[in-house]
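Student: As listed in Swiss-Prot for this protein:
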type     : residues                                                                   : note
ACT_SITE : His47                                                                      : active site
ACT_SITE : His93                                                                      : active site, proton acceptor
BINDING  : Tyr50, Lys89, Asp490, Gly527                                               : ATP binding site
BINDING  : Glu91, Asn528                                                              : Mg(2+) 1 binding site
BINDING  : Ser92, His93, Asn94, His95, Arg114, Gln238, Glu310, Ser311, Gln312, Ser530 : substrate binding site
BINDING  : Asp115, Asp266                                                             : Mg(2+) 2 binding site
Amino acid sequence: MQEPAITPEVIENHGLKPDEYDLILEIIGREPTFTELGIFSAMWNEHCSYKSSKKWLRTLPTSGPQVICGPGENAGIVDIGDGDAVVFKMESHNHPSYIEPYQGAATGVGGILRDVFTMGARPIASMNSLSFGEPAHHKTRQLVNGVVEGVGGYGNCFGVPCVGGEVRFHPAYNGNCLVNAFAAGLVKTDMIFYSAASGVGMPVVYLGAKTGRDGVGGATMASAEFDDTIEEKRPTVQVGDPFTEKRLMEATLELMQTGAVISIQDMGAAGLTCSAVEMGDKGGLGVRLDLEKVPQREENMTAYEMMLSESQERMLMVLKPELEAEAKAVFEKWDLDFAIVGETIAEDRFLIMHNGEVKADLPLSKLSSSAPEYDRPWIEVEAPAALTDADVPTIDPIDGLKALISSPNYAGKQWVYEQYDTTVMGDTARRPGLGGGMVRVHGTDKKLAFTSDVTPRYVKANPVEGGKQAVAEAYRNLCAVGAKPLATTDNLNFGNPEKPEIMGQFVGALKGIGEAVSALDMPIVSGNVSLYNETDGQAILPTPTIGAVGLVAAGEEPILGEARDGHVLLLVGETIGHLGQSALLHEVFNREDGDAPAVDLEIEKRNGEFIRNNRDFIKACTDISDGGLALAAFELAEAAGVGVQIDASDTPTLFGEDQARYLVACNFDQAEALMIAAGQAGVPLETVGKFTGDTVKMGGSEATLEELSQIFRTSFAEAVA
């Protein structure tokens, strides 16, 4: 079959700029074949090369005494003691989920799970951070239902508990939803596997499901803006099979026990191309592939299609040749394909053969580590003016609370997480619903806590403070359950980086994130960048999602209790009443003005340590973020089924979103001891109310807990289900 001619239109359709194509001509000294053009397109797009973000990603703190493996591998790895490690990462599947919600979300879950078990870890927890357009938008309901069903359909069948996440709505996501999937797994520190190939002449083995035409060009599609041709992109969305993935995991983990694996890589974005190139490049080797040996489920597939297919549930491995028979037997037992499709070579070449013909012969290193890198122009985002006294609204406290909990942004998300299996594997210690999730480390007394956080309104208004706040809120959510924060993964979702104002958001957010993870000892060990989240020139809110992991060590107790009638309600931290960019302004007054709240990282660290160090006095705890004191107190009361009385009455005190604050419930006879401890630690602590009865009282306003709970538990489904 004759390959298509290389024309300017073909080059543009592959997402390559004219200067990038000129660079290809310079590198290889000739016109590329169609297959070679596809390979360059896949490896040089934003999704695989990070060409617009790499400069700034290097500024992030990624190391620490607890870090075993930082960015650059399939996932990050952190030591949790006793020969155990946690492996985790967050990654986006935004563009596919907007085009085909169910499969886009499902394969996003599948991809992140493969990243974890490729390292030798058994997945133990998942989360997802979802962003959709306004509820009334004509696509939102379809997207919400499809994405949630896809996340649940894949994760439930695979058998990993969903322990947390977030769901938000904003008109800026009308044209681009965000689906950020997180997974974590456990591995013994002496059984970690990496992707760098080693040894010349070693067999390159294809593992898992067969290759089809689904997902061809998916990575390139994920690196471009949307326009009115979006429906034509549907064939670029992958199709997942969670039962095959489950078998692939079991076979892979069993294979690793044999000692046959030299290196291993999952096939994700750009499929066979990216996995082979990354393995070779990290090992300083070349790779030769014979495509007629690739297991195929469709007839007459071309070299181009096989190299760029993103069919799911596939892996690539470099194998010890003397253990081939043993390795093959493992995969045959699990009814999965096992095929030697090539070998490592000494030369820096990526050589692709198909039926005896050379389809690609390229310098391998130029496809990966030497790919183009841009220093995009950027404009520093000028923070808006702070609210003046005249700008600050007032509202009846209960009316304000009702407005918040009737919005799908702040209503209970039961409709979402009840579709997910949250307890499979039997180690879930805290299910989704309030703050961080938690799982027990099986066979030990240790527990791992997980959270996912970002407030995009803050990041748009003030990227530096918004970036800090995303990390700080993750830190607080871990401290609030008694876990010591260990490390983070970032999922950086932004618009078109070729626009200086968008690049300015990115640069500012990374500056804030970097400062925060350094100050709070939470290095970034893995992550993902998703750019070009725009439709017809309209960008999403900048959404740098932070996933974080914390540890409750053996011998420590987590803070997982509930408030009880008679408990005192105490507020940790200083209240100023900052309403700029607040949930109240947005949901009630349709305003997004004022600056984002300032984040003092020293105070964040001090207050978080105070919570962890005084866990014996604390019966229940939550951090204060969106919705301020009022929403946090209601959520504690609603979770416990007991009323709450709050002494404050003014709007800024009740709904302000000052940072570094927590609400804690404690016994009346222990409140004084907690006050003394706070004084010794230099931490502001004040009594702001008590848990009692069956009503929620704020100032002179009140409503029954039953009425408010009904609103809280039904509003989400009524809006979007």
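Cβ atoms here come from the backbone N, Cα and C positions, even for glycine.
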Student: Which whole-number value in Å describes the distance between the Cα atoms of Arg114 (substrate binding site) and His47 (active site)?
Tutor: 17
Student: Rounded to the nearest angstrom, how far is the Cα of Glu91 (Mg(2+) 1 binding site) from the Cα of Asp266 (Mg(2+) 2 binding site)?
Tutor: 14
Student: Can you list the residues of the same chain, besides Tyr50, Lys89, Asp490, Gly527, whose Cβ falls within 8 Å of the ATP site's Cβ centroid?
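Tutor: What remains near the Cβ centre is Leu57, Pro71, Met90, Glu91, Thr489, Asn491, Leu492, Ile524, Ser526, Asn528, Val529.
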Student: Rounded to an integer, what is the Cα-Cα distance in Å between Tyr50 (ATP binding site) and Glu91 (Mg(2+) 1 binding site)?
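Tutor: One finds 14 Å between the Cα atoms of these residues.
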Student: Quick check: of the recorded positions listed here (His47, Asp115, Glu310), which one has the Cα closest to that of Lys89 (ATP binding site)?
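Tutor: Sorting the recorded positions by distance from Lys89 (ATP binding site), the top entry is Asp115.
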Student: Which state, by DSSP, holds Gly527 (ATP binding site): helix, strand or coil?
Tutor: strand
Student: By CA-CA distance, flag whichever of Glu91, Ser92, Gln312 among the binding-site residues is nearest to Gly527 (ATP binding site).
Tutor: Glu91
Student: State, in Å as a whole number, the widest CA to CA span among the ATP-binding residues Tyr50, Lys89, Asp490, Gly527 given in the record.
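Tutor: Result: 17 Å between the two most distant Cα atoms.
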Student: Rounded to an integer, what is the Cα-Cα distance in Å between Glu91 (Mg(2+) 1 binding site) and Gln312 (substrate binding site)?
Tutor: 16
